Amino acid sequence: MTAIHSITYDCDSIKSPATSRPFFALLNNVYSDLSDYPVGLRTVYETVCIKQQDCTQIPSAEYVCHREFQDLVKNFDNSVIPQFISEKQLSELTYKLTDSDPDFGFVRNLCVRMPQFDGKTPQRTDYQQVPVIYKKPISANYCIQNISAMVVDVIDEFTSNPAVTYIIDYFNDLGNYMIIEMKTQYVYIIVSCLMSVVFAYIVLVLMKFFVWIAVWTIILVLIAGSIFVAVKMLMLAENVQQENDFRIELYGYTDDKMSNKIIWFRVIGAIFIIIAVLSIFSLCCFFNSIQIAISVIAVASEALSKLFYMVFIPLVFIPVVVLHLFWTVGAAYLYQCGGSFDVKYNSFSFVTITENPVTHIITRSTDSLSLFWFVLIIFAVIWGVFFIYSVLEYLLSSMVTQWYFQMEQQRRTFIQKRLFRNAFKMMFKSIGTLVFSSCITSIVVWFRFIFEYVNKRMNKNPNKSTTNKVVVGLVRAILYCLQKFIQYTNRNAQVICAINGDNYCKSAALAVKFELANAKTVLVLNSVGDFFLWLAKVIITALSGLFCYMLCATSHNKQMVVTPVTLTCLISYCIAFYVIEILELTVDTVFMAFLYEDTFMISDREHSERTQVYAPGGLKKLLKQHSEQESASETKQVYTAASRESKVTMQEGKLGQENQGEAAEL
């Protein structure tokens, strides 16, 4: 049992929270103690307040006890015990208290083991008293282990090794040289990082053509290479088999090594045959999905290259997020500091433990209202961040959908300013959807925060079993997957909302319906998209690094290229990651728009005189093919129904003639 105090926390009658809280913020790693003693003794686990002259103790002192322990023993049998005791004394006192009342089992936690002292002196010399300084000295001291001399000896012994000295000198010289290179070539670094934006635009423009060639080349190379390796392995196995047969016929014995080679060649050939067959089978099954995935990526790269100013829109939201975090996190921190100080976890809480001075009964009281408002502020922090992110996603998706659902001629001459203004207006109309979707995501993240907080408190228990660890890992994985699923569904729901203006529930249901109905295409698009988006990041980074190398190689300091190129590659990768994340959102938006047009607008075109297909690029051909297939299927169904009706009519007429003949005979 440890205590929680809400007014005073000092070792030297410091009543002001402005000085007492900094004292314990500096003094304590895990625990703290309430006392009027002027010195804090820092042990391995916690800090205990002691008298000033007790900073140096006898070597037999194994435990240091809090004032609460001394007062508890004194109130129990009026006995006075020292603050520093041995393990034997602690066991006897604990047994005496728990034997009378089992509820006193917590008292052992009020004494802390001191670091082991192996010195031969009559007094411990491993502690020294130093003042506590927090911006300015405060009237409190603390005792720390006097290990500075030992540390110096260890460092001197370590650095006296020639190999260690060489390594230290090498990294010291390397760091100084890198700083000199950065100061000398910083202009080239800045220019190369700015050029990474240009390279990102070039990659977006070329990806429209590159993705078609790359995907089909990879597929054909995979199939042809698998077949070639399989045939080669089988031919080698056949040659070795013939050589082995010749050896048997000539010498009358076989070679085990040759037999093993035959087996390995045939096994490898069989593996590559299986790979080739699976590749061909997958190509046949996912051919249409591959075409759609390639077209979606190509159209998305074209859209972002035409609307490249979208890349700079998220930069406007950064100050908004910073401002939101500034006041919400600050409010949460100040509100938390208004609670009580939990000495067990060295943090503030809204639970206060008090002891009755007469009955010595310890009671816990929770300020439920303060706790509720604090949790609500934490939720506001999370909700605000996700709401701002949802607004950003909606604006970008709305701009892409407006570009998508334009006539071909209008798409070429579309006014960019009008595009952003329309998206902004649509965002205000769909503000309820954004609030609700961000709220759902925030609730899941909020539960993850609560779970991690509870798990952190449970980790203090030394008797944590393996089952608990497995359950914690399972729950953590479930919450993580649930958050990712909700975020993905919310993104698609926002795209549907930007297209037709429906509310969140209808948009989310329609998005899930699209995903389930086109599961194969979603799988292929995610696989192909992840590969090419990663490849785009690598290409942008490599081009920026190469450009920086060329600049440095043509300068007066040609040898200073390593640090500028390395730093340029790191910054360029961050820029590429930022641009490609926006491209990924564009890919998801174009895919949802394509599915929406493919599902709802085909029937509209068939029952009206309008024949315009909105999808740009290769998606237009796929939509027309799908429309023709649907028309042919409906025509076939109509023809089948008509032929079935004609057959029924002919059978009825024939049956009527037979009935008339039978009637005439009668």
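Cβ atoms are placed via backbone N, Cα and C, with glycine included.
All annotation found in TrEMBL is predicted automatically rather than curated by experts.
For 186-204, 209-231, 263-287, 307-335, 372-405, 426-451, 531-553, 560-580, the entry in TrEMBL reads transmembrane segment. The region 'Disordered' annotation in TrEMBL covers 625-666. Marked as compositional bias 'Polar residues' by TrEMBL: 630-640.
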Touch test for the transmembrane segment (531-553) and the transmembrane segment (426-451), at least 3 Cβ pairs under 8 Å: no
Segment proximity, the transmembrane segment (372-405) to the transmembrane segment (186-204), 3 or more C-beta pairs under 8 Å: no
Cβ contacts under 8 Å made by the transmembrane segment (560-580) with residues that lie 6+ beyond its boundaries: 177-178, 180-182, 184-185, 188-189, 192-193, 196-197, 199-200, 204, 311, 314, 533, 536-537, 540-542, 544-545, 547-549, 552-553
